[in-house]
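Engineer: Questions regarding the structure given below will be posed in turn.
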Amino acid sequence: MRRHRPYLDGVAAAAATFLLAVLLHAPLAAGEDEPPPWVLCGPYPPSGNYSKNGTYQVNLDLLSTTLPKNTSSSPAMYATGTVGDVPDKVYGLALCRGDANASACERCVAAALRDAPRRCPLVKDVLVFYDLCQLRYSNRDFFLDDDYFVTTYTLQRSRRVGAAAAAAFDAAVAVLVNATADYAAADSSRRYGTGEEEGVDGDSDRPKIYALAQCTPDKTPEVCRTCLSTVIGQLPKEFSGRTGGGMFGVWCNFRYEVFPFFSGRPLLQLPAFVETPPPPPSPSATSGEKTKNRIGTVLAIVMPAIAAILLMVVACFCCWKRIKKRRPEEQTFLSYSVSSDDIQSIDSLILDLPTIRVATDDFADTKMIGQGGFGMVYKGVLPDGQEIAVKRLCQSSRQGIGELKSELILVAKLYHKNLVRLIGVCLEQQEKILVYEYMPNGSLDIVLFDTDKNRELDWGKRFKIINGIARGLQYLHEDSQLKIVHRDLKASNILLDFDYSPKISDFGLAKIFGGDQSEDVTNRIAGTYGYMAPEYAMRGNYSIKSDVFSFGVLVLEIITGRRNTGSYDSGQDVDLLNLVWEHWTRGNVVELIDPSMGDHPPIEQMLKCIHIGLLCVQKKPASRPTISSVNIMLSSNTVRLPSLSRPAFCIQEVSASDSSNPYSERYPRPRHSGYSDNSTVVSSNDLSITELVPR
């Protein structure tokens, strides 16, 4: 049977008149689901009927010819439209599920427009929900309505878990659904998210759970999350103990099941929900364990480090001999194969050399703003007034041609607001030049590690930078047409625009993964000490989790204002990761917060970011979160952060009397009261290792 209930949006309660909810529990044939579509005829206070073959029906038929194609051709698979004039004007809206392809989307919307008049004959206001799409048309302008119409449904095969397990299962569902809602609200392009939460092995009442959440993409993150929060709030009442259910609405919807019901890999993956986290180790126990394991820990770090250094010395010698034998003509740009697709993507970006010479005053020294691993970077202005950054490969040096080609092909295919944008390329007269949008605030390291400039970075800007880097990295790892590992994520490769929004740059060392590939190995290590993941620095194994490690280092650098010196050298007594970890375990990590941010920073939010940073630099790649999970952690207050273990490359602390104490003058503590105005920058991690290989 069906029943109706009203509910109000928390934000727009004053404006909304009421909300209609329908619980579908109609008996079905054994073993069958209630088949879509779910249809509501006249969901709002009755708006009347239209006349057969009248003006309203003509307008509705016209809408039916355009709305399916408009929806499927939209990047977000969402469209609205109007036809005719009041009082016979038709307002229409269609949204396809985020995992639907364009053809399936178009078919679904077309079917909904055919079915709706048959199921609700001559009704002016109709709401239809299919599995892959939803449709509403009305004689009312509902596009700016503050209220939501929601239908709640459960599938017949949805069962109830045992009474004893219901509370734990409901809690697990709530964690996943809320995290997925956070993801959807944060998705700037589609407002769509899917999630998966691991089950508990051997417990039939705690299976793996899948969830999907979506809003119409025209909603802001705040409105989307408010809508989802409101409908998710019905979980305890409607779905307690049930293994599946969901709600459809005009502006937002969610669903969860214990089986995969959406296409593709979940965008969010969570570990099994644990009701009671294990208690933290006592200080005395931690101290005892440190003493017991000190020798083993030091040996575990020192021996691989020595072996790695010896291997790198041998590798450098071999490379030197190989380069010495190489003839100049062998090292040309054309020696690096370029596919026809690559050429097609590059062709539209070609700039002529005279234009670039004029833009940079013929590469004047006064226009030089930096130096990369392959040459100089100049500031320029195109004839239309656009400011540009020009990266010019040194003609006298053959180093970097492979990097240039790799970067050109990759960046030409990528577009995201947190990736630096490629404007053009010039390959005339033996010049190899890339032209990028100009970033007025330079690179992050220039601002962050300068004792004067870092005062420009208050916590709001730093948190925006952390979020932006994470979103850009997620695009590279999961959301772009290519699956890319950057391999050289560091502060100097994060550029800042006029309002300090970050953009990831320098894709010369990036690698593309195909299909389901998640990791690879190389005997040519390339990157920057201090940011390399241990498995990459020591064994050449790299994956998306290598980038996550680099991101974690960046987070800790941004919060503390200190460079990570790295600890691949066994003679290095301490690095930033160790410093943060020791303070974290002692409960005084707040002392490491960069004092240049002022007197009253949001400590709780900073501690959360430090926790996330430490999660990202765990020694084992499997212990690090995916970057999509990091984005959820950053944007959500409902996700419980996993517990921490000692990060990679941490060396046991020395005694307080030791002259190499990490809290000596080399690493002075900021004064806790009011924070000190003095900021100490430790030794630079500017050592990069690059071995260029034709790709």
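Placed from the backbone N, Cα and C atoms, the Cβ positions cover glycine too.
Here's the feature list from Swiss-Prot:
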type     : residues                                                   : note
BINDING  : I369, G370, Q371, G372, G373, F374, G375, M376, V377, K391 : ATP binding site
DISULFID : C96-C105                                                   : disulfide bond
DISULFID : C108-C133                                                  : disulfide bond
DISULFID : C215-C224                                                  : disulfide bond
DISULFID : C227-C252                                                  : disulfide bond
DOMAIN   : 363-634                                                    : domain 'Protein kinase'
CARBOHYD : N49                                                        : N-linked glycosylation site
CARBOHYD : N53                                                        : N-linked glycosylation site
CARBOHYD : N70                                                        : N-linked glycosylation site
CARBOHYD : N101                                                       : N-linked glycosylation site
CARBOHYD : N178                                                       : N-linked glycosylation site
Engineer: May I ask for the distance between V377 (ATP binding site) and C133 (disulfide bond), taken between their Cα atoms and rounded to an integer number of Å?
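Structural biologist: V377 (ATP binding site) to C133 (disulfide bond), Cα-Cα distance: 49 Å.
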Engineer: Which of these recorded positions is closest to N101 (N-linked glycosylation site) if you go by CA atoms: N49, C133, N178, C224, G375?
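Structural biologist: With Cα distances computed to N101 (N-linked glycosylation site), the winner among N49, C133, N178, C224, G375 is C133.
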Engineer: Can you tell me how many other Cβ atoms are located within 10 Å of the Cβ belonging to C224 (disulfide bond)?
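Structural biologist: I get 26 for this one.
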Engineer: Can you give me the same-chain residues 6 or more apart in sequence from N178 (N-linked glycosylation site) with a CB-CB distance under 8 Å?
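Structural biologist: Set apart from N178 (N-linked glycosylation site) by at least 6 residues yet with Cβ under 8 Å, we have I232, S636, T638, V639.
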Engineer: Where does I369 (ATP binding site) sit in DSSP terms: helix, strand, or coil?
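Structural biologist: DSSP assigns I369 (ATP binding site) to strand.
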Engineer: Could you give the Cα-Cα distance between C108 (disulfide bond) and C224 (disulfide bond), in whole Å?
Structural biologist: 24
Engineer: Which has the fewest other Cβ atoms within 10 Å: C105, C215, the disulfide-bonded residues listed?
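Structural biologist: Ranked by other Cβ atoms within 10 Å, the disulfide-bonded residues C105, C215 bottom out at C105.
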Engineer: How far is it from I369 (ATP binding site) to C224 (disulfide bond), counting Cα to Cα, in Å?
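Structural biologist: With the alpha carbons as reference points, the distance is 42 Å.
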Engineer: Cα distance, G375 (ATP binding site) to C96 (disulfide bond), nearest Å?
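Structural biologist: That comes out at 48 Å between the alpha carbons.
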Engineer: Please report the Cα separation of N49 (N-linked glycosylation site) and C252 (disulfide bond) in Å, rounded to an integer.
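Structural biologist: One finds 27 Å between the Cα atoms of these residues.
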Engineer: Count the other Cβ atoms sitting within 10 Å of the Cβ of C133 (disulfide bond), across every protein chain shown.
Structural biologist: 27
Engineer: Cα within 10 Å of C215 (disulfide bond): which of the recorded positions N53, C105, C227, C252, Q371, G375 qualify?
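Structural biologist: Within 10 Å of C215 (disulfide bond): C227, C252.
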Engineer: I need the nearest neighbour of C105 (disulfide bond) among the recorded positions N53, C252, Q371, using C-alpha distances.
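Structural biologist: Smallest Cα separation from C105 (disulfide bond) among N53, C252, Q371: C252.
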Engineer: In whole Å, note down how far the CA of C252 (disulfide bond) lies from the CA of N70 (N-linked glycosylation site).
Structural biologist: 20
